[in-house]
Amino acid sequence: MPTTTRQEALRHLRTSFAAAGIDSPALDARLLLLAALGIAGAELAATPAEPLGEAGSKHLAAFAARRLDREPVARILGEREFWGLPFRLSPATLEPRPDTETLVEAVLKTLRAQGRADAPLAIVDVGTGTGCILLALLHELPQATGLGIDRALEAAQTARGNAERLGLAARAHFIVGNWSTAAAGPVDVLVSNPPYIESAVIPGLAPEVRQYDPLLALDGGRDGLDAYRALAADAPRLLAAGGLAALEVGEGQDGAVAGLFAGRGRITVHADLGGIARTVLVEADR
Ligand SMILES: C[S@@+](CC[C@H](N)C(=O)[O-])C[C@H]1O[C@@H](n2cnc3c(N)ncnc32)[C@H](O)[C@@H]1O
(Lines of atoms letter the chains of each structure in order from A and count residues from 1; the text may use other names and numbers.)
(Lines give C-alpha, C1' and ligand atoms only; values in the text may rest on other atoms or scores of the structure.)
Protein backbone atom coordinates (compact mmCIF):
# COMPACT_ATOMS: atom_id res chain seq x y z
CA MET A 1 0.00 0.00 0.00
CA PRO A 2 1.25 3.52 -0.78
CA THR A 3 0.90 4.53 2.88
CA THR A 4 3.01 1.62 4.17
CA THR A 5 6.34 2.87 5.47
CA ARG A 6 9.68 1.69 4.10
CA GLN A 7 10.44 -0.07 7.39
CA GLU A 8 7.07 -1.84 7.50
CA ALA A 9 7.42 -2.93 3.88
CA LEU A 10 10.87 -4.35 4.58
CA ARG A 11 9.63 -6.32 7.56
CA HIS A 12 6.65 -7.67 5.65
CA LEU A 13 8.77 -8.69 2.66
CA ARG A 14 11.35 -10.39 4.85
CA THR A 15 8.68 -12.44 6.57
CA SER A 16 6.95 -13.53 3.40
CA PHE A 17 10.26 -14.42 1.68
CA ALA A 18 11.35 -16.48 4.72
CA ALA A 19 7.97 -18.26 4.81
CA ALA A 20 8.39 -19.13 1.12
CA GLY A 21 11.74 -20.82 1.87
CA ILE A 22 13.90 -18.21 0.14
CA ASP A 23 17.54 -18.52 1.25
CA SER A 24 18.45 -14.90 2.01
CA PRO A 25 15.13 -13.17 2.83
CA ALA A 26 16.57 -10.07 4.52
CA LEU A 27 19.10 -9.27 1.81
CA ASP A 28 16.64 -9.91 -1.01
CA ALA A 29 13.97 -7.75 0.65
CA ARG A 30 16.41 -4.88 1.05
CA LEU A 31 17.75 -5.06 -2.53
CA LEU A 32 14.27 -5.15 -4.01
CA LEU A 33 13.00 -2.30 -1.82
CA LEU A 34 15.96 -0.10 -2.80
CA ALA A 35 15.44 -0.88 -6.49
CA ALA A 36 11.67 -0.34 -6.33
CA LEU A 37 12.15 3.07 -4.74
CA GLY A 38 15.27 3.96 -6.74
CA ILE A 39 17.16 4.93 -3.58
CA ALA A 40 20.50 4.02 -2.00
CA GLY A 41 20.99 2.21 1.33
CA ALA A 42 21.97 5.43 3.09
CA GLU A 43 18.66 7.07 2.18
CA LEU A 44 16.73 4.06 3.46
CA ALA A 45 18.64 4.21 6.76
CA ALA A 46 17.91 7.93 7.10
CA THR A 47 14.18 7.80 6.23
CA PRO A 48 12.70 4.46 7.38
CA ALA A 49 9.33 6.01 8.26
CA GLU A 50 8.76 7.53 4.79
CA PRO A 51 5.69 6.04 3.03
CA LEU A 52 6.33 4.00 -0.15
CA GLY A 53 4.14 6.23 -2.29
CA GLU A 54 2.04 5.17 -5.28
CA ALA A 55 4.82 4.26 -7.74
CA GLY A 56 7.13 2.69 -5.13
CA SER A 57 4.34 0.53 -3.78
CA LYS A 58 3.40 -0.66 -7.28
CA HIS A 59 7.00 -1.49 -8.26
CA LEU A 60 7.65 -3.27 -4.98
CA ALA A 61 4.52 -5.42 -5.30
CA ALA A 62 5.60 -6.49 -8.79
CA PHE A 63 9.16 -7.29 -7.66
CA ALA A 64 7.92 -9.22 -4.61
CA ALA A 65 5.58 -11.34 -6.72
CA ARG A 66 8.44 -12.24 -9.06
CA ARG A 67 10.75 -13.17 -6.17
CA LEU A 68 8.01 -15.29 -4.57
CA ASP A 69 7.83 -17.06 -7.93
CA ARG A 70 11.53 -17.84 -7.21
CA GLU A 71 12.99 -15.53 -9.85
CA PRO A 72 16.50 -14.56 -8.60
CA VAL A 73 17.02 -10.96 -7.50
CA ALA A 74 19.67 -10.35 -10.18
CA ARG A 75 17.21 -11.35 -12.92
CA ILE A 76 14.55 -9.05 -11.48
CA LEU A 77 17.07 -6.21 -11.43
CA GLY A 78 18.40 -7.27 -14.87
CA GLU A 79 22.01 -7.00 -13.83
CA ARG A 80 24.64 -8.85 -11.81
CA GLU A 81 28.11 -7.92 -10.65
CA PHE A 82 31.07 -10.14 -11.57
CA TRP A 83 34.72 -9.25 -10.94
CA GLY A 84 33.47 -5.87 -9.74
CA LEU A 85 31.91 -5.13 -13.16
CA PRO A 86 28.18 -4.89 -14.01
CA PHE A 87 26.76 -7.47 -16.45
CA ARG A 88 23.30 -7.34 -18.00
CA LEU A 89 21.44 -10.63 -18.08
CA SER A 90 18.96 -12.04 -20.56
CA PRO A 91 16.77 -15.16 -20.49
CA ALA A 92 19.45 -16.87 -22.65
CA THR A 93 22.34 -16.21 -20.25
CA LEU A 94 23.40 -17.92 -17.05
CA GLU A 95 23.53 -15.61 -14.06
CA PRO A 96 27.31 -15.29 -13.43
CA ARG A 97 28.38 -16.95 -10.17
CA PRO A 98 31.07 -15.73 -7.75
CA ASP A 99 32.76 -19.19 -7.97
CA THR A 100 33.65 -18.43 -11.58
CA GLU A 101 35.96 -15.65 -10.40
CA THR A 102 38.28 -18.53 -9.34
CA LEU A 103 38.95 -19.18 -13.05
CA VAL A 104 39.66 -15.51 -13.81
CA GLU A 105 41.99 -15.31 -10.82
CA ALA A 106 43.88 -18.51 -11.78
CA VAL A 107 44.42 -17.32 -15.36
CA LEU A 108 45.62 -13.86 -14.28
CA LYS A 109 47.93 -15.29 -11.64
CA THR A 110 49.50 -17.70 -14.14
CA LEU A 111 49.92 -15.06 -16.86
CA ARG A 112 51.45 -12.62 -14.37
CA ALA A 113 53.85 -15.31 -13.10
CA GLN A 114 54.85 -15.97 -16.72
CA GLY A 115 55.37 -12.22 -17.31
CA ARG A 116 52.78 -12.23 -20.11
CA ALA A 117 50.06 -10.00 -18.65
CA ASP A 118 51.04 -7.09 -20.93
CA ALA A 119 51.42 -9.21 -24.08
CA PRO A 120 48.95 -8.97 -27.02
CA LEU A 121 47.29 -12.25 -26.06
CA ALA A 122 44.50 -13.89 -28.07
CA ILE A 123 41.77 -15.31 -25.82
CA VAL A 124 38.84 -17.56 -26.71
CA ASP A 125 35.91 -18.00 -24.28
CA VAL A 126 33.69 -20.98 -25.10
CA GLY A 127 30.11 -20.74 -23.80
CA THR A 128 30.50 -17.06 -23.11
CA GLY A 129 26.96 -16.33 -21.79
CA THR A 130 27.01 -12.74 -20.51
CA GLY A 131 30.68 -12.55 -21.58
CA CYS A 132 31.69 -12.23 -17.92
CA ILE A 133 34.88 -14.35 -18.04
CA LEU A 134 36.22 -12.88 -21.27
CA LEU A 135 35.36 -9.29 -20.35
CA ALA A 136 36.84 -9.59 -16.84
CA LEU A 137 40.08 -10.86 -18.43
CA LEU A 138 40.13 -8.09 -21.05
CA HIS A 139 39.52 -5.55 -18.31
CA GLU A 140 42.70 -6.78 -16.57
CA LEU A 141 44.86 -7.48 -19.64
CA PRO A 142 45.18 -4.18 -21.54
CA GLN A 143 46.73 -5.57 -24.75
CA ALA A 144 44.63 -8.73 -25.08
CA THR A 145 41.85 -9.36 -27.58
CA GLY A 146 39.14 -11.95 -27.29
CA LEU A 147 36.51 -14.02 -29.04
CA GLY A 148 33.43 -15.18 -27.13
CA ILE A 149 31.47 -18.09 -28.59
CA ASP A 150 28.01 -19.25 -27.61
CA ARG A 151 25.50 -21.66 -29.11
CA ALA A 152 22.72 -19.19 -28.25
CA LEU A 153 22.43 -16.10 -30.47
CA GLU A 154 20.72 -14.11 -27.71
CA ALA A 155 23.59 -14.86 -25.33
CA ALA A 156 26.17 -13.65 -27.89
CA GLN A 157 24.10 -10.47 -28.37
CA THR A 158 23.88 -9.89 -24.60
CA ALA A 159 27.65 -10.38 -24.27
CA ARG A 160 28.28 -7.87 -27.07
CA GLY A 161 26.04 -5.35 -25.29
CA ASN A 162 28.00 -5.90 -22.08
CA ALA A 163 31.30 -5.38 -23.92
CA GLU A 164 29.98 -2.05 -25.26
CA ARG A 165 28.79 -0.87 -21.85
CA LEU A 166 32.15 -1.78 -20.32
CA GLY A 167 34.11 0.03 -23.03
CA LEU A 168 35.74 -3.22 -24.20
CA ALA A 169 33.96 -3.70 -27.54
CA ALA A 170 37.03 -2.78 -29.62
CA ARG A 171 38.89 -5.79 -28.21
CA ALA A 172 36.01 -8.29 -27.89
CA HIS A 173 34.10 -10.12 -30.61
CA PHE A 174 31.22 -12.53 -30.19
CA ILE A 175 29.96 -15.23 -32.50
CA VAL A 176 27.50 -18.10 -32.48
CA GLY A 177 29.19 -21.49 -32.70
CA ASN A 178 29.38 -25.06 -31.46
CA TRP A 179 32.02 -25.28 -28.71
CA SER A 180 35.41 -24.07 -30.00
CA THR A 181 35.15 -25.39 -33.56
CA ALA A 182 34.45 -21.97 -35.14
CA ALA A 183 37.60 -20.40 -33.63
CA ALA A 184 40.78 -20.18 -35.67
CA GLY A 185 43.97 -21.03 -33.79
CA PRO A 186 46.47 -20.60 -32.44
CA VAL A 187 45.18 -18.85 -29.31
CA ASP A 188 47.13 -18.05 -26.17
CA VAL A 189 44.30 -18.58 -23.69
CA LEU A 190 41.26 -20.85 -23.93
CA VAL A 191 38.72 -20.34 -21.14
CA SER A 192 35.38 -21.99 -20.56
CA ASN A 193 32.71 -22.41 -17.94
CA PRO A 194 30.68 -24.90 -19.97
CA PRO A 195 27.40 -26.58 -19.01
CA TYR A 196 28.47 -29.36 -16.62
CA ILE A 197 25.45 -30.61 -14.69
CA GLU A 198 24.44 -34.23 -15.25
CA SER A 199 21.14 -34.26 -17.19
CA ALA A 200 19.38 -36.43 -14.58
CA VAL A 201 20.22 -33.99 -11.74
CA ILE A 202 18.60 -30.94 -13.36
CA PRO A 203 14.96 -31.57 -12.30
CA GLY A 204 16.11 -31.56 -8.63
CA LEU A 205 17.91 -28.21 -8.76
CA ALA A 206 16.65 -25.16 -6.82
CA PRO A 207 13.78 -23.39 -8.64
CA GLU A 208 15.95 -20.26 -9.03
CA VAL A 209 18.32 -22.31 -11.21
CA ARG A 210 15.97 -24.84 -12.83
CA GLN A 211 13.33 -22.29 -13.85
CA TYR A 212 15.49 -19.27 -14.69
CA ASP A 213 18.97 -20.34 -15.86
CA PRO A 214 18.66 -21.61 -19.46
CA LEU A 215 18.84 -25.40 -19.86
CA LEU A 216 21.50 -24.98 -22.55
CA ALA A 217 23.73 -23.36 -19.90
CA LEU A 218 23.26 -26.18 -17.40
CA ASP A 219 22.98 -29.52 -19.17
CA GLY A 220 26.35 -31.24 -19.52
CA GLY A 221 24.93 -34.52 -20.84
CA ARG A 222 24.60 -37.90 -19.13
CA ASP A 223 27.80 -37.65 -17.06
CA GLY A 224 28.13 -33.84 -17.22
CA LEU A 225 31.35 -34.06 -19.23
CA ASP A 226 30.19 -33.63 -22.87
CA ALA A 227 31.65 -30.13 -23.22
CA TYR A 228 35.04 -31.08 -21.76
CA ARG A 229 35.38 -33.97 -24.21
CA ALA A 230 34.69 -31.60 -27.13
CA LEU A 231 37.13 -28.99 -25.80
CA ALA A 232 39.88 -31.54 -25.05
CA ALA A 233 39.55 -32.96 -28.57
CA ASP A 234 39.88 -29.51 -30.18
CA ALA A 235 42.54 -28.06 -27.84
CA PRO A 236 45.61 -29.42 -29.68
CA ARG A 237 44.47 -27.61 -32.87
CA LEU A 238 43.42 -24.42 -31.14
CA LEU A 239 45.94 -23.81 -28.38
CA ALA A 240 49.33 -22.24 -29.12
CA ALA A 241 52.43 -23.97 -27.78
CA GLY A 242 52.83 -22.73 -24.20
CA GLY A 243 49.19 -21.55 -24.15
CA LEU A 244 46.75 -21.84 -21.26
CA ALA A 245 43.43 -23.66 -21.06
CA ALA A 246 41.30 -22.93 -17.98
CA LEU A 247 38.06 -24.80 -17.39
CA GLU A 248 35.52 -24.37 -14.64
CA VAL A 249 34.34 -27.73 -13.30
CA GLY A 250 31.48 -28.92 -11.09
CA GLU A 251 32.12 -30.41 -7.68
CA GLY A 252 34.03 -33.69 -8.02
CA GLN A 253 34.70 -33.32 -11.78
CA ASP A 254 38.30 -32.05 -11.51
CA GLY A 255 39.89 -35.53 -11.74
CA ALA A 256 37.91 -36.56 -14.82
CA VAL A 257 38.54 -33.24 -16.59
CA ALA A 258 42.25 -33.27 -15.72
CA GLY A 259 42.29 -36.82 -17.15
CA LEU A 260 40.89 -35.58 -20.47
CA PHE A 261 43.82 -33.14 -20.75
CA ALA A 262 46.47 -35.56 -19.46
CA GLY A 263 49.71 -35.44 -21.44
CA ARG A 264 48.97 -31.95 -22.82
CA GLY A 265 51.05 -30.01 -20.29
CA ARG A 266 51.26 -29.03 -16.63
CA ILE A 267 47.88 -29.32 -14.91
CA THR A 268 46.90 -27.49 -11.72
CA VAL A 269 43.57 -27.42 -9.89
CA HIS A 270 42.31 -24.26 -8.16
CA ALA A 271 39.73 -24.24 -5.36
CA ASP A 272 36.96 -21.67 -4.87
CA LEU A 273 36.36 -19.81 -1.58
CA GLY A 274 34.35 -22.77 -0.31
CA GLY A 275 37.38 -25.06 -0.82
CA ILE A 276 35.79 -26.89 -3.78
CA ALA A 277 38.05 -27.71 -6.74
CA ARG A 278 36.59 -25.30 -9.30
CA THR A 279 39.13 -24.65 -12.06
CA VAL A 280 41.36 -27.04 -13.98
CA LEU A 281 44.20 -25.13 -15.59
CA VAL A 282 46.44 -26.60 -18.27
CA GLU A 283 49.72 -24.93 -19.22
CA ALA A 284 50.31 -26.50 -22.62
CA ASP A 285 53.77 -27.84 -23.49
CA ARG A 286 55.96 -25.60 -25.61
C1 LIG B 1 27.50 -22.49 -17.62
S2 LIG B 1 27.10 -21.31 -18.85
C3 LIG B 1 28.46 -20.19 -18.65
C4 LIG B 1 28.20 -18.78 -19.09
C5 LIG B 1 29.31 -17.78 -18.71
N6 LIG B 1 30.55 -18.13 -19.35
C7 LIG B 1 29.48 -17.71 -17.21
O8 LIG B 1 30.50 -18.20 -16.71
O9 LIG B 1 28.61 -17.17 -16.52
C10 LIG B 1 27.50 -22.21 -20.33
C11 LIG B 1 27.27 -21.49 -21.64
O12 LIG B 1 27.59 -22.40 -22.71
C13 LIG B 1 26.69 -22.18 -23.78
N14 LIG B 1 26.67 -23.41 -24.61
C15 LIG B 1 25.94 -24.54 -24.42
N16 LIG B 1 26.22 -25.43 -25.40
C17 LIG B 1 27.13 -24.85 -26.21
C18 LIG B 1 27.81 -25.28 -27.40
N19 LIG B 1 27.58 -26.48 -27.94
N20 LIG B 1 28.69 -24.42 -27.97
C21 LIG B 1 28.93 -23.19 -27.44
N22 LIG B 1 28.31 -22.74 -26.32
C23 LIG B 1 27.42 -23.56 -25.71
C24 LIG B 1 25.37 -21.86 -23.09
O25 LIG B 1 24.48 -21.19 -23.96
C26 LIG B 1 25.87 -21.01 -21.91
O27 LIG B 1 25.90 -19.65 -22.26
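Glycine is treated like the rest: Cβ placed from N, Cα and C.
Quick look at what TrEMBL lists:
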- 8-78: domain 'Release factor glutamine methyltransferase N-terminal' (DOMAIN)
- 121-193: domain 'Methyltransferase' (DOMAIN)
- Gly127, Thr128, Gly129, Thr130, Gly131, Asp150, Trp179, Asn193: S-adenosyl-L-methionine binding site (BINDING)
- Asn193, Pro194, Pro195, Tyr196: substrate binding site (BINDING)
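Here the features listed in TrEMBL are painted onto the structure.
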residue: Gly127; record: S-adenosyl-L-methionine binding site; contacts (Cβ under 8 Å, 6+ apart): Ile149, Asp150, Arg151, Trp179, Ser192, Asn193, Pro194, Pro195, Ala217, Ala227
residue: Thr128; record: S-adenosyl-L-methionine binding site; contacts (Cβ under 8 Å, 6+ apart): Leu134, Gly148, Ile149, Asp150, Ala155, Ala156, Ala159, Phe174
residue: Gly129; record: S-adenosyl-L-methionine binding site; contacts (Cβ under 8 Å, 6+ apart): Thr93, Leu94, Pro96, Asp150, Ala155, Thr158, Ala159, Asn193, Ala217
residue: Thr130; record: S-adenosyl-L-methionine binding site; contacts (Cβ under 8 Å, 6+ apart): Arg80, Phe82, Phe87, Arg88, Leu89, Thr93, Leu94, Pro96, Ala155, Thr158, Ala159, Asn162
residue: Gly131; record: S-adenosyl-L-methionine binding site; contacts (Cβ under 8 Å, 6+ apart): Phe87, Asp125, Gly148, Thr158, Ala159, Arg160, Asn162, Ala163, Ala172, Phe174
residue: Tyr196; record: substrate binding site; contacts (Cβ under 8 Å, 6+ apart): Gly220, Gly224, Leu225, Ala227, Tyr228, Glu248, Val249, Gly250, Gln253
Notebook entry, point to check: Of Thr128, Gly131, Asn193, Tyr196, listed as binding-site residues, which ones have a Cβ less than 6 Å away from ligand 1?
Noted result: Thr128, Asn193
Check: Which value in Å gives the longest Cα to Cα span across the S-adenosyl-L-methionine site residues Gly127, Thr128, Gly129, Thr130, Gly131, Asp150, Trp179, Asn193 as recorded?
Finding: 16
Check: Around the substrate site (Asn193, Pro194, Pro195, Tyr196), what further same-chain residues have their C-beta within 8 angstroms of the site's C-beta centre?
Finding: Gly127, Ser192, Ala217, Gly220, Ala227, Glu248, Gly250
Notebook entry, point to check: If you average the pLDDT over the domain 'Release factor glutamine methyltransferase N-terminal' (8-78), what number do you get?
Noted result: 97
Check: What is the number of other Cβ atoms found within 10 Å of the Cβ of Asn193 (S-adenosyl-L-methionine binding site)?
Finding: 27
